[in-house]
Ligand SMILES: Nc1ncnc2c1ncn2[C@@H]1O[C@H](COP(=O)(O)OP(=O)(O)OP(=O)(O)O)[C@@H](O)[C@H]1O
Ligand code: SF4
Ligand code: SF4
Ligand SMILES: [Mg+2]
């Protein structure tokens, strides 16, 4: 199948971000003093477990970032291939069954029948109102009543079994690599990992990985034949929506930071370094800005932008492009309203740094302001930037949900946690209740935010300059080795 | 037996990231009732950890792994934590180094002391209040009854330390642990606090464990001393025995490393101990001092020395004194003067005749830097509109002169404006008024570009080697930064990297170190790097702002030697800012004594230190702790603290603290009194120089 790659605005930014992270990681590897705190992150059990979960989200998010427009088979085999107006991502292609198996309306998780009665024509004439069979969910079953449970169990079992096999493979190869690096025998490394006394908490990583793989394996095995998280009002699979929401959440969390960073960094450092009227001006700016309620500002800008987009439809060749631009704007606006906190922090830190003697020494050499800022100040405030960025991430994911709920968030055609919740809220009042959409959004967001928070905690404490103490377990291990050497 | 504290074989480990640090490793000591035991040692040798182990207040990573600590016969290590809380503050009091950090800023002094009284004596209300006043009176807080309801920030540094002592005494402890109680204080305040501690001990008969790195303080306070090195005590002796004849090679070196005037007169280098204090995370085989010891032989590297008792109470841990290894016995030098053995290996220097430094004289009087009436005022802003409500007169009209190849020392209490003066001379702070002429060029008001071109000529070395190097730059980048900024050595003949190597070698560091980061160096090594950085741009004048006050005595000696050597070879002029009189005696040619933004006395070293004229100089000099066997010199006690420079007293700035104050002193600032062509002072006790005061009024 031929296709045409599409790079949306946010995709481009994500690629830039990935490149920056790769370069940063490469830099860090070369400098011992930069590497040390990251190594401490690597030694934190909760941090590494959280990172394992985050990795899954990130992979899904990245898959969902590679966009393309498949060619339309238009029969005549013309010289020029035409491409569909629908922009799909790699994730969409992988999850084609999920995307395309659309029911007519609500159905509960693992259901085989719709959630609402419909009038059905009987073969022999006449009509009944009953719960009709789903078109896709459990369609292969002859007699759902009796077969359903058994079928789910076997499929889930197979999926989980395969996942376990995969896990086993991964765990063995990681252990082998660790053993190779430490120059030990495989078995002894395995036993230290098993006892949980390796510096990098492999045991925690493996346990988390096992849990994720088991869940993921079972879900994969089931999702093509069932709606494992049900369907929504227009019959779309909720599991698919949840997967799609991940990218939106991640984007809002990271791109917003990317947007606000230049403001916060430049203005904060300039205010602290130059003092005087520059400082007064910048302080005035951010005090004013932060005293306006953020939601108001965002609502006003989003509405203005919406009007503009609606009056200029010719600017966008696909719906996806439009929705994407709106998402980008949301990031920009969130960024503009949220740089003040970091800016304030950086100003304070710079005020402290500029009195440091090495800065004075640089002045004594007549080093230019720009070089002092770029060589002395910025490298020394980077840890604050990093900690704030990581800490802000989860807050931003939640902010998106709230904004979409209020109606000033992402484009309605963009699937996000916010739009999912927004759509689900009315159904909570239905009798019987439609609970699964909200449940799915909540579970996914909870996992994402919780793991981001745990990871942020690990990063923060690793960058905390105060003396680190060891975890109790590692300590007993040390004591044993002290006992040996003494 | 009346020993208050008995420590046997104490071992304390700190579990750090990489390796366990054996901060205290088999320490044994004993303190009697009414005795002061001084625990002496360089930084990082485990003194503070010892103190914290006794209190069982170790940081989370710390753990006591062996030994016993007996307080009056009871082993503290066996007590449950609840019982330990009754010991802390009641039976053992502790004073910390930093008074600002050890008082709770949001509680009044009375509340903080009251807490102790309530906890240990169940005293409340009226009774507690009476006791608080009593205790505060005891530590010499004037007007205790009303001041006890003030907050810590309303007291000065010296007063805060007194309040700390008051809190420690509130429980009427048997043992007082004082961890560097005066290191953060000025000499004049230090003298007050030490006197207070001595007086309190005589009244109460408590035992004191005094932790210090200052041999002078130990010699003034202690009955017995213990020298600590790398986690263990290497020598204990009574004060007299120790200062008369230290036995252990390390103790001898420590004493020999002290700077002073006689050492300069003799033209000697200071006897620095080579190398650094070893890291406590490594394992030791043999004597811990062996790598730095001049007398070491194979045995020292193989077998750890045990205790050997010398005469009296003196005990030492060194193979030299062990009769069984008779072949190598060297009698400890008992030649009266401290540090006598050092003179044997110190090479003689001819200091006064450095080569050709004075040849390129472009100023008529040959001065390198001449400062006239320099003023730096910092505005105080008040209120919403940031109105200027007054000025802090940090530097208020000082004049001085530095000649090529000479050293001028600027001394004074902290907060008197020494550092500000130094920075203003280098135009790092814009002066409010006055003139600074470098080689005849007026620097004040010089435009930024021309000033930048001159920057290389005068450089600066800072007090704290930890904050003066950017932790995120490699040494080579640090040193090259100045060269790049000033375009030094851009002719391409000599690659910069080679120049960096030379510089590092000239300050005694191997060239490979240039690839490393500052955190991999000790304090003394960092200070060398800072010196190399300053030298990189070929300066003629260096302002040294307390360059050794953050360093240990042995490292201080290395740095002072280096500075003198550079002066001799390169003809550098130094402005040496310090409060350490013995360093001044060793390194300076001339002295200017500063008080509250003004210079009160000026002259050559011999004139000012030999016959100080200004009452403040006299008090300052008398407060310096010295090592004297019969130390019965009179300390001139100064009342109170340095007044605020925002609001200096009318007339002579010193009059509220001066014991010779006369009515005229309160009216006008005294003019100069001239004692010789170089020696002047500002005090009404001496005839005023009419001519000069006339000239002043005309100008
Ligand atoms: N919290 C800590 N964690 C790990 N190591 C520590 C800790 N505190 C001190 N150390 C190490 O323990 C050793 C002894 O430290 P200690 O503070 O007792 O030295 P000190 O003799 O009091 O020095 P100073 O004169 O500088 O106060 C040093 O090697 C120090 O680096
Ligand atoms: S035992 Fe040897 S190395 Fe140690 S101090 Fe004595 S002479 Fe020096
Ligand atoms: S002028 Fe008066 S107050 Fe000032 S130092 Fe001299 S005697 Fe003391
Ligand atoms: Mg200490």
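Glycine too: its Cβ is placed from the backbone N, Cα and C atoms.
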Can you check which of A:132-153, A:286-307, A:352-373 TrEMBL lists as transmembrane segment?
A:286-307
Annotated range (TrEMBL: transmembrane segment) out of A:249-274, A:457-482:
A:249-274
The transmembrane segment (A:286-307) and the transmembrane segment (A:47-68): do they have three or more Cβ pairs under 8 Å, with pairs 6 or more apart in sequence?
no
For the transmembrane segment (A:433-456), give me same-chain residues lying six or more residues beyond its boundaries with a C-beta closer than 8 angstroms to one of its C-beta atoms, as numbers and ranges.
46-47, 49-51, 53-54, 57, 106, 108-109, 115, 229-230, 232, 238-239, 241-242, 245-246, 249-250, 253, 387, 390-391, 393-394, 397-398, 401, 417, 420-421, 423-425, 427
Select the range from A:160-181, A:249-274, A:381-406 that forms the most Cβ-Cβ pairs under 8 Å with the transmembrane segment (A:286-307).
A:381-406
Annotated stretches the transmembrane segment (A:202-229) and the transmembrane segment (A:160-181) touching (3 or more Cβ pairs under 8 Å):
yes
Most CB pairs under 8 Å with the transmembrane segment (A:249-274): which of A:6-26, A:160-181, A:381-406?
A:381-406
Taking a Cβ cut-off under 8 Å, which residues six or more beyond the ends of the transmembrane segment (A:6-26) line up next to it in the same chain?
62, 65-69, 87, 251, 254-255, 258, 318, 320-321, 324-325, 327-328, 331
